[in-house]
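What Swiss-Prot says about this one:
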type	residues	note
BINDING	19, 20, 21, 22, 23, 24, 25, 26, 45, 137	ATP binding site
DISULFID	113-210	disulfide bond
ACT_SITE	113	active site, nucleophile
SITE	138	site 'Interaction with tRNA'
ACT_SITE	210	active site, cysteine persulfide intermediate
SITE	352	site 'Interaction with tRNA'
């Protein structure tokens, strides 16, 4: 007989480690599992703070969060541990964040944190503690497949769905992970936290990158990669110099404001040439890309990736966390994989993720994804499939 976490055994005989960030989501997760009788252990990762800040309420974002996690653990009566992962986090997340910006990319540090820290090191720690699962407060779901493995599923609350940030999760990790909030809405989570009397029930959600609480990510990049702050030229598609800039780190693909150049028509950042320290700008129509070259592809769909792709796999992709999935074709090419966007997409930025889904809406299954290495318009891409032959495009158009 399986318990509510789809694990064999009674809840009281099942140890579950909960990754507690100090926010309402992970706190409600811990309280819910405790109320269901599980042997819950809370762990908070100290990622970017030092010394007394971990013990002093309100010292900084990380210090406050650790204080809140401890408070919740005490309230619900579970053991709680704080693990110092600062060095690991700096090497795996912060340094790669700065490297990515220096290369002219727009990184997503939350993906790297989940991939390199939470779902690898923390998961290993949970196993060492004798846990049967690691639970988090992410808004995603998972379900058991016929072969016993687990699939990653979008959250019921579409506005809160975090599947984009978890595409790099491996099959082995999915087998051990649980997401109790996947079928809940944010208001329901807050109501649950109030029912348990948690002090964080009305705590504001974090809006910034956790290690950049001021929102000035350029400060981090300047400290670690000062060459990314070197000035350069702003040029048009023909290479004509239109102006100058204080460093490519200040720009991202699709940006319109803050260019500091006069033009009769609106200009947008089309790409960043880190080698020549150039910001290439042009009209909005030049932003539309149809072909995406991927790197570090992770596949969690059925079977082996190459067999699933074959001569081309029709699916849906999301190229930014805030955008809806759209029809696409995934193809194997020499040295990697490419995605052809059926209808094109504006502002496709290297460094962002391209996440695969089996449907455009609802609780779709996440099939994997990869990081965007480069993008190109249709004029230099492979010929697209005829729209009439694409059921995915028909589904998008309704």
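Easy rule for this one: first residue shown is 1, then count along the chain.
Glycine residues also receive a Cβ, built from the backbone N, Cα and C atoms like all the rest.
Swiss-Prot feature annotations superimposed on the structure.
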{"residue": "19", "record": "ATP binding site", "Cβ contacts under 8 Å, 6 or more apart": "26, 43, 44, 45, 118, 122, 134, 135, 136, 137"}
{"residue": "21", "record": "ATP binding site", "Cβ contacts under 8 Å, 6 or more apart": "44, 65, 69, 137"}
{"residue": "23", "record": "ATP binding site", "Cβ contacts under 8 Å, 6 or more apart": "65, 68, 137, 200, 203, 205, 206"}
{"residue": "25", "record": "ATP binding site", "Cβ contacts under 8 Å, 6 or more apart": "137, 138, 139, 181, 189"}
{"residue": "113", "record": "disulfide bond", "Cβ contacts under 8 Å, 6 or more apart": "47, 89, 92, 93"}
{"residue": "352", "record": "site 'Interaction with tRNA'", "Cβ contacts under 8 Å, 6 or more apart": "106, 107, 108, 319, 320, 371, 372"}
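Each of the recorded positions 45, 210 was scored by the number of other CB atoms within 10 Å of its CB, and the largest score is that of 45.
Pairwise Cα distances among 19, 20, 21, 22, 23, 24, 25, 26, 45, 137, which the record gives as the binders of ATP, peak at 16 Å. Of all Cβ atoms in the shown protein chains, 25 besides its own fall within 10 Å of the Cβ of residue 138 (site 'Interaction with tRNA'). Under the three-state DSSP scheme, residue 19 (ATP binding site) falls in the strand class.
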